[in-house]
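Inspection log for the structure reproduced underneath, given as structure tokens.
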Amino acid sequence: MIPVVYSNLCPVCGGDLESKEIEKHVCFRKKRSLCLFPEDFLLKEFVEFFRKCVGEPRAIQKMWAKRILRKESFAATAPTGVGKTSFGLAMSLFLALKGKRCYVIFPTSLLVIQAAETIRKYAEKAGVGTENLIGYYHGRIPKREKENFMQNLRNFKIVITTTQFLSKHYRELGHFDFIFVDDVDAILKASKNVDKLLHLLGFHYDLKTKSWVGEARGCLMVSTATAKKGKKAELFRQLLNFDIGSSRITVRNVEDVAVNDESISTLSSILEKLGTGGIIYARTGEEAEEIYESLKNKFRIGIVTATKKGDYEKFVEGEIDHLIGTAHYYGTLVRGLDLPERIRFAVFVGCPSFRVTIEDIDSLSPQMVKLLAYLYRNVDEIERLLPAVERHIDEVREILKKVMGKERPQAKDVVVREGEVIFPDLRTYIQGSGRTSRLFAGGLTKGASFLLEDDSELLSAFIERAKLYDIEFKSIDEVDFEKLSRELDESRDRYRRRQEFDLIKPALFIVESPTKARQISRFFGKPSVKVLDGAVVYEIPMQKYVLMVTASIGHVVDLITNRGFHGVLVNGRFVPVYASIKRCRDCGYQFTEDRESCPKCGSENVDNSRSRIEALRKLAHDAEFVIVGTDPDTEGEKIAWDLKNLLSGCGAVKRAEFHEVTRRAILEALESLRDVDENLVKAQVVRRIEDRWIGFVLSQKLWERFNNRNLSAGRAQTPVLGWIIDRFQESRERRKIAIVRDFDLVLEHDEEEFDLTIKLVEEREELRTPLPPYTTETMLSDANRILKFSVKQTMQIAQELFENGLITYHRTDSTRVSDVGQRIAKEYLGDDFVGREWGESGAHECIRPTRPLTRDDVQRLIQEGVLVVEGLRWEHFALYDLIFRRFMASQCRPFKVVVKKYSIEFDGKTAEEERIVRAEGRAYELYRAVWVKNELPTGTFRVKAEVKSVPKVLPFTQSEIIQMMKERGIGRPSTYATIVDRLFMRNYVVEKYGRMIPTKLGIDVFRFLVRRYAKFVSEDRTRDLESRMDAIERGELDYLKALEDLYAEIKSID
């Protein structure tokens, strides 16, 4: 491995953590494992106990055990069949034998009886007696046993009761060290039960302060919820550092079929071909009754309505084959069924949807009015009110009443008709069809869902919206019913056998930012949340993993300043020394020295990444498998490498690479895990060391010369500063121009009135290929030129768009368009699509939208709650719009232009002007890549002109300087913005009227550096260094040789 030292980051002794220790997973000073936690000794004992009682524990059960043994409360996120109940009972018995009190709560008496029998069997297998150890209570036990139970209640080490007993007798129960709740929904139905659980754990409610006080004596383990949690459940997060989450998992393996026919004959045909296990969803209760009456004589079928629920049990027992109900989001058949063996397929008779009519306008919620405003934003009156729509709700209502009968907004995923708008209800469809495909310990059962709809316009809109959820419908003609039925049965056979022992394993998934962590967790359901030492962790079950998603908050270490040669031990091996990053929360200063207060402002309000490293270690130790999903570049690779080293001994560490934050991309990345690429890491190590060495050495020279410790020098920023200075000097030279406004002409002339002769020399039509999609430098240039954003602002906005899943990764020099990108473009462009790959194939891709959604679509779908994003402002939508238009234009047919070339004669001079006078085509409409001007009249004219003295050349804009950096090979996509921002930050340049002007300080610093250290900061040397970095990335150059050359060069600076 790459030699490295992490200063004071050994988890065992607190001293340095070195390469050999990382490789061996051992602290050499203490001779102990790097990932040994206090609970591990008890864990070993518990695992042996569990083997005796139950059998070999699953990986996820070991993770739960570690949490409980260190007294952490949590919601157990896991699919059916993993063994939550058996674990809860075995852990209770284990802790009871250690003298701890445990309470196990079930929703029904039957489950209490079963649990009591099971735990006795466990005790028997473990060879321990249960007399006076276990007490259980339910409504069916004789009165004398009940009395005996109540008398000995506080003496039992394990108490097993129903939720109802908790409600009535919690004061007699006493305190507990471990509470296991088998069905948290039963607890949450009565909110006071939450208070009672907290009391049992050692908290109490202070009437004076009106708040909960105390500390948890024990820990709580609950299942995830299926119903609404209610406000009381928030107390779990406040007091026990976890949030329950939902067991509604959106991982699905469903074959979705759309049929433009909702006749009874079509429905009957599906039921006949697929056999038993169908759920039929009707729009309304009346329609459900009609379907039932039509089918009851032909099929063994039942119906579930608000008043008829008896057929549900018959279906469970197999006495009937199919159930009919209504497609309502909170309905019994949509949310209340969890029968993986029985339910094989679903049929929706009619698309789930909700309608808004003109008559509804006055009664609509402000949120719904706002949503309709975004849908009808093409109406000028509404567009004008959108920026402050909340303050004009009543006015918008009146406008909507006028336009809903006339206007037809362009939205493929919504049906707009005269006087009504129909929104497809995908949420209900996903929940209902999800009953056919359930996650269990052995994987995911397969299901099928048929969507029958007569209204072709509504069906088309439904299919369009489904794409936003990665649901692709096929037609019924494409379905092989025999094969489908066999696959449905085979997956249920696997469920019944449950042969795969440990198919679903816990995994820690680390990304850079909290936004990205939240976004990823939302793709797969409503996560349970755990707060561990300040780190927020989102827990979600998937087909192969129970993922714990959390953020590293960028780099966790940086080069130290006070050891070796500016943070590098030079002993022939060049070993970088890294320390945790400290950041002052008050002034923002970042440092690596081991100190409690900020060296700049003295504040003790300092964030130390050490706490995150420790939390990640604990999580990695729990999961025993780590996936690092940091950004797909050298910086992301370096973060992954550091985490792999710092989490040494806690489990295998793999890298997930994805270029967009979408559900599809995350799933693909998790299927294609790889090792950390050390060549990319070496390149980053060399780049950072080079930046440190040249920066520190030359900065110290500047400090001495200018007596200003705020100054800095860098190899890349210095030539860029030189270009800005040179261009500024050139801009001082002036020239006279005559502006003829009537003809939109600018001529090199100094007369205010003169004769002008214009001749048409040539006229031609051309087909122009659209510009390629954005790379980092072209995006930065256009955002500065068109939107007037600084490069720093653009990169920040692009980062947030990427993390929210709206665009692909924004640090790239590739124009390549992937197959996915081309599919997105084809879907949006239709017949205008031609498709271009642009760049060479490879890992990186251009900057593009992740869905075929315009800016207006994105804003509307955010309002509707279909897209869940955070903190977007008008700037985000403006940049997204630019990226979207440029990308879609790049995939269009060539556009046609008409070019006219003119000869212009005036006062004995001749000038030529070629101008585009017309442009047409979809590509031009999307992105105006050419400047269209009016045709010039031909003939001789007496004209008046405005004479101005202007610079021969103008100072650079940020847009132009970025393009120049790209052309001259200075900087990389990840550093363009940093280089420019640093020039502003050091006050070497300022911006006036959008142009970069060097300050006197900037000019003096540049001249000093060029005069004394030209060879170190020259453009050629900087470009050569960039090419060497690229060679290291490709594995063509030894990074130690590069460091050796750099070191010799730096040491020659006097």
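Even glycines carry a Cβ here, placed using N, Cα and C.
Looking at 182-185, 226-229, 378-381, 698-701, the range tied to motif 'DEAD box' in Swiss-Prot is 182-185. Between the listed ranges 1-43, 517-559, 861-903, Swiss-Prot ties the annotation zinc finger to 1-43.
Local packing around the Cβ, expressed as the count of other Cβ atoms within 10 angstroms, is greatest for Cys598 among the binding-site residues Cys587, Cys598. The shortest Cα-Cα distance from Cys598 (Zn(2+) 2 binding site) to any of the binding-site residues (Gln61, Lys84, Thr85, Ser86) is found for Gln61. Look at the motif 'DEAD box' (182-185): DSSP puts its residues at 2 helix, 0 strand, 2 coil. Taking the centre of the Cβ atoms of Cys584, Cys587, Cys598, Cys601 as the Zn(2+) 2 site, the nearby residues of that chain (Cβ within 8 Å, site residues left out) are Arg585, Asp586, Gly588, Tyr589, Pro599, Lys600, Gly602, Ser603, Asn605, Val606. Cβ crowding, taken as the number of other Cβ atoms within 10 Å, peaks at Gln61 among the binding-site residues Gln61, Thr85, Ser86. Taking the Cβ of Lys84 (ATP binding site) as centre and 10 Å as the limit, one finds 22 other Cβ atoms among all the protein chains shown. When the binding-site residues Cys584, Cys601 are compared by the number of other CB atoms within 10 angstroms of each CB, Cys601 has the fewest.
Put simply, Cys584 (Zn(2+) 2 binding site) is 47 Å from Ser86 (ATP binding site) when counted between their Cα atoms. Cys601 (Zn(2+) 2 binding site) has Gln61 as its nearest neighbour among the binding-site residues Gln61, Lys84, Thr85, going by CA to CA distance. Between the alpha carbons (Cα) of Cys584 (Zn(2+) 2 binding site) and Thr85 (ATP binding site) lies a span of roughly 46 Å.
The ATP site, placed at the center of the C-beta atoms of Gln61, Lys84, Thr85, Ser86, has further neighbours from the same chain whose C-beta lies within 8 angstroms: Val82, Gly83, Phe87, Gly88, Leu89, Ala90. Cα-Cα distance from Cys587 (Zn(2+) 2 binding site) to Gln61 (ATP binding site): 45 Å (rounded to the nearest whole number).
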